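Reading through the structure tokens given below for one structure.
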Amino acid sequence: GDEKRPWECCDIAMCTRSIPPICRCVDKVDRCSDACKDCEETEDNRHVCFDTYIGDPGPTCHDD
């Protein structure tokens, strides 16, 4: 599982309960990371990456 995550970081990850989990990141970002294949523009000129990633969704973008 050395696949690059389709996002640099993720605050709102939605993952299945399977092992390993299959995750999507529903963050709205200014632009998708280079690794994202399926990047959709939102109504407010932001972007959401619709790629899925198998495994840990990685670090959050914002520390509370």
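Glycine residues also receive a Cβ, built from the backbone N, Cα and C atoms like all the rest.
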Disulfide-linked residue for CYS32, taking Swiss-Prot as the record, within CYS23, CYS39: CYS39
Record Swiss-Prot, residue CYS23, disulfide partner from CYS15, CYS36: CYS15
Disulfide-linked residue for CYS36, taking Swiss-Prot as the record, within CYS49, CYS61: CYS49
Winner by Cβ contact number (other Cβ atoms within 10 Å) across the disulfide-bonded residues CYS15, CYS25: CYS25
Cα-Cα distance linking CYS25 (disulfide bond) and CYS49 (disulfide bond), given in Å to the nearest integer: 7
Winner by Cβ contact number (other Cβ atoms within 10 Å) across the disulfide-bonded residues CYS9, CYS10, CYS23, CYS36, CYS49: CYS49
Among CYS32, CYS39, CYS61, which are disulfide-bonded residues, the residue with the most C-beta atoms within 10 angstroms of its C-beta: CYS32
